[in-house]
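Annotated features, as they stand in Swiss-Prot:
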- SER112: phosphoserine (MOD_RES)
- SER117: phosphoserine (MOD_RES)
- THR120: phosphothreonine (MOD_RES)
- 495-512: compositional bias 'Low complexity' (COMPBIAS)
- 820-1282: domain 'SET' (DOMAIN)
- SER1042: phosphoserine (MOD_RES)
- 1116-1131: compositional bias 'Low complexity' (COMPBIAS)
- LYS1186: N6,N6,N6-trimethyllysine (MOD_RES)
- LYS1186: N6,N6-dimethyllysine (MOD_RES)
- LYS1194: N6,N6,N6-trimethyllysine (MOD_RES)
- LYS1194: N6,N6-dimethyllysine (MOD_RES)
- CYS1242, CYS1295, CYS1297, CYS1302: Zn(2+) 4 binding site (BINDING)
Amino acid sequence: MSSLPGCMSLAAAPAAADSAEIAELQQAVVEELGISMEELRQYIDEELEKMDCIQQRKKQLAELETWVLQKESEVAYVDRLFDDASREVTNCESLVKDFYSKLGLQYHDSSSEDEASRPTEIIEIPDEDDDVLSIDSGDAGSRTPKDQKLREAMAALRKSAQDVQKFMDAVNKKSSSQDLHKGTLGQVSGELSKDGDLIVSMRILGKKRTKTWHKGTLIAIQTVGLGKKYKVKFDNKGKSLLSGNHIAYDYHPPADKLFVGSRVVAKYKDGNQVWLYAGIVAETPNVKNKLRFLIFFDDGYASYVTQSELYPICRPLKKTWEDIEDSSCRDFIEEYITAYPNRPMVLLKSGQLIKTEWEGTWWKSRVEEVDGSLVRILFLDDKRCEWIYRGSTRLEPMFSMKTSSASAMEKKQGGQLRTRPNMGAVRSKGPVVQYTQDLTGTGIQFKPMEPLQPIAPPAPLPIPPLSPQAADTDLESQLAQSRKQVAKKSTSFRPGSVGSGHSSPTSSTLSENVSAGKLGINQTYRSPLASVTSTPASAAPPVPPVPPGPPTPPGPPAPPGPLAPPAFHGMLERAPAEPSYRAPMEKLFYLPHVCSYTCLSRIRPMRNEQYRGKNPLLVPLLYDFRRMTARRRVNRKMGFHVIYKTPCGLCLRTMQEIERYLFETGCDFLFLEMFCLDPYVLVDRKFQPFKPFYYILDITYGKEDVPLSCVNEIDTTPPPQVAYSKERIPGKGVFINTGPEFLVGCDCKDGCRDKSKCACHQLTIQATACTPGGQVNPNSGYQYKRLEECLPTGVYECNKRCNCDPNMCTNRLVQHGLQVRLQLFKTQNKGWGIRCLDDIAKGSFVCIYAGKILTDDFADKEGLEMGDEYFANLDHIESVENFKEGYESDVPTSSDSSGVDMKDQEDGNSGSEDPEESNDDSSDDNFCKDEDFSTSSVWRSYATRRQTRGQKENELSEMTSKDSRPPDLGPPHVPIPSSVSVGGCNPPSSEETPKNKVASWLSCNSVSEGGFADSDSRSSFKTSEGGDGRAGGGRGEAERASTSGLSFKDEGDNKQPKKEDPENRNKMPVVTEGSQNHGHNPPMKSEGLRRPASKMSVLQSQRVVTSTQSNPDDILTLSSSTESEGESGTSRKPTAGHTSATAVDSDDIQTISSGSDGDDFEDKKNLSGPTKRQVAVKSTRGFALKSTHGIAIKSTNMASVDKGESAPVRKNTRQFYDGEESCYIIDAKLEGNLGRYLNHSCSPNLFVQNVFVDTHDLRFPWVAFFASKRIRAGTELTWDYNYEVGSVEGKELLCCCGAIECRGRLL
């Protein structure tokens, strides 16, 4: 015990030290802030009290305390009742005992079951006379085995009873079905006071004939026929007998009980008015939608609501969309719920211009705000705003995607198109269709479609099984079936797209058993003095075989090649680094002289490969050139400017001066691609990997001119064993004619600088005539050894037949091979990828896609057996033909409002180093931009292209309402969908799907032989009587965009947008509809309540007057004829709502009118659906297909094909090659170059360009990758595979590239 105080003192010492430190710290805080700790605490408490979240939590806490007190009082009240009841029972028992004692009886506690009689088995045999036979089975214990006869009799009686019961059930069922109609007419068989959780006199909501819901009281539950009806007395007078799906609970359901597809009643706010409408839950609360529910109302509107604005439907239907009256909305909801969470939506951001449909017309509009899945669109014509669901086909990108897929389906059914994914996906700068995913799960999540039950949570429906295709023993049928099982990537490019360097996961790379002794084609690469030919097969090292995989025949042994550097498998601090560049300190002075060969005599290299493997942009500095960056002010804006100073002291400020200097001095060791005037491209910025687990200096083993290093910073996994080949290898059945007689050569002596005299340059220039406008671009091709944008018609480089110097020629780039320094690296979750080790300037050549060239049939077969991850289509012919027919438009113009981003057009030099990295807000990165959700009087819509109209249109169409209106189209406030056809076209049946409707609409709008096609072949339509087209030519927005940027621009960003001939663009006649409302707006019945539109009705009434008074450059009326009119060749007369046809002639607004033939539609439905491929293949076209100027519907012969009529078919260019019908495939799975490792990105930094080098055969271009923007060192290089989502049956590939423009899905 004596040592206890010492222990206590030792324990108290640290505490005292801590208290002293705390005191010192408090004293320091007081001295620094000038306030005491108590004042600081008080200040912090006051600030916390002011915070909204604290006040909200306190309010919630107070409510919780109130609720707890209320519950405690209720519990106490129940306890008191229980105690009182117990006391009363005790008193009652005492009274009973007293009574028994008075009677002289003895009272004892017993159970009622103990005194019950033995059970009696009753067998009822109903007959026609309703006689009941009761047989006492007797005591079970008294039965003996001797009673065999009695048992047999009982069994016979039971069997007879069952037979008679079945017979009576059949008779009763037949009689009840005959009397069912009488029961449904009002013969009430009984009234109930309770039905589940529905009790008479409870508060509920009911639906009135006006389609709005109102509060009331349940006064009766009646059994009518086989169902139940609920009689509701509304608070605002009136009674109604409603079904269970037309009443709702008067409480707000918890969030966990609601799912996508739940049937609810929600509040719709229109200004100061609030209405209750029925709808379905389209989104559950999450962070992106500010914890709100997205509701799709039955009449086509969409809106975000909170939980306190929802009421659950009492007895919803099993398929909730069947309760929607409007057919177009019903089809949309069914497709939406079935496909959820795969929701295609247009990716938008504020300020973008886009075409939006309204009343059957495409109007020029602008994105004002993006709120989750909704976007507020401002119509520039009348400044009207409207909220639209981003997945609605009223937005031009969504409509273009639907129509293109429907058109492809028609061609497949008609045998005009081979069953293959559409390699020209709708990709354009600006709005793109994005497939959102529920990334919280691991796979496809199908939402439950069971109706919301108030007692138990809904059970999800099982996934509908896919019907297997019947196996066919015929060889051709098996081959045809195998063709649809391979996926092929597409190389469609969106010019000028800006995105991140991340990529999506590619298919897993596997090690294969590769024969290393395959022969290749010799390729010439650049040498300063002579052309040196290398044979890849001679340097191919033996590849170790891998046990798994199909057996392959042994190849010839490869001769010994150069030994590869050893791989570092251990953990290193960093990869081997090279010394940094140090600029020389001495200054260069210029003395006036004439530059010649002697200016570079002192720096000419003794060895040809002195700086091989260095950054090509750094090589001029290593040869004593100086690269200086200066600042200068242009138009009150400070910009950067790059100047090169030569060894002789001459300053070079432009690429033209650099090119002239190189030719004047005869410089054959420095080339134009080694110079860059972009101030944001740094030539001495190197990327250094950190602590690799695995490192290889060169995986090409010397086959490439520049070493390709490999590093793994994730684990010790080595790269896949692939036979590296930097050139393409013809496969079985493939012959490439590389003879000089199949080439066109030039005789240039000036390095092919004069494009007008170079035959190879002229091939590139003349090929640009295959554009929609047919105009020749004299500036096409390489500009100072760089390609600023994709050239769809291809680039023709100088070849071995040319007499120009291979080293000095400005038209030789791709054939020189890899020049930039790249690295193969292991990504976190995307397999292996390629990144650059130095900055890459915009337009620079990066690499090619090399591999084995296969025929289409062999590629399909091989893709099923070994995989299709590295397939690429050589479809240059098809891409150019489609481009010529007017399907594509890469260039943003003032009329092509879909996809024009006004912010992107303002491109100039700013003071930041990487201006492209500051991305604008979009619907992905900033889903909820504004905190205050606007509930102003603007319309919201989600579904198909709906036509809403104003009071004036109803007045104009009042005279023809009885004749032109289809039956049962709903109340006047419900817009008529475009899928409902009028005026000679039968309305589609209720069984039609949305895809079939679009396909029927396309085929129904085919133009007859008397139709007119514009010079660009963008669309075909009929000439209206007296409708002459006028030339517009207004380019105000394009001019403003071109002058809004900085006056001084970098060379890499100096891109002039192409312009089409305004005369050709505006040679479009105007077509209007006669005796009908324009855009399928038939007058409606006057029944029902019109949804209040406040000031919108006035704007709608002004639409007709405004559209006729608009500028000729603002409106283009385009109307497709129906099949009956297409055959007769007649045109429609102008309607009353549109005056002169010439007053509405433009590209900015296009009117579309849909119609379909019912019989033709049924025939298409009976056809077997098109079989989809199961092979994904990249396409080597360097651009994307998109719908030009709105819808750009191409007239097809599908209508005549369906009717058995003969229609002329234009011969495809590929058929001139011995009748070939399909393109060739490049497969880089077993043999290939670094291009096989390039991953996908929805916002890539590379684009694909077809280049003709060793042959001018249009079937075999080289597939080259160019930088679409400046790329910072260490950035992963990516390109857009352009898969068409849903094109490969049974395959789904999510995209997680991380780009703002990410489309969500690849397949």
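Cβ atoms here come from the backbone N, Cα and C positions, even for glycine.
Locations of recorded Swiss-Prot features on the structure.
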| residue | record | DSSP class |
| --- | --- | --- |
| CYS1242 | Zn(2+) 4 binding site | coil |
| CYS1295 | Zn(2+) 4 binding site | coil |
| CYS1302 | Zn(2+) 4 binding site | coil |
Neighbour-count leader, CB within 10 A, binding-site residues: CYS1242, CYS1297, CYS1302: CYS1242
Cβ neighbour count within 10 Å of CYS1295 (Zn(2+) 4 binding site): 24
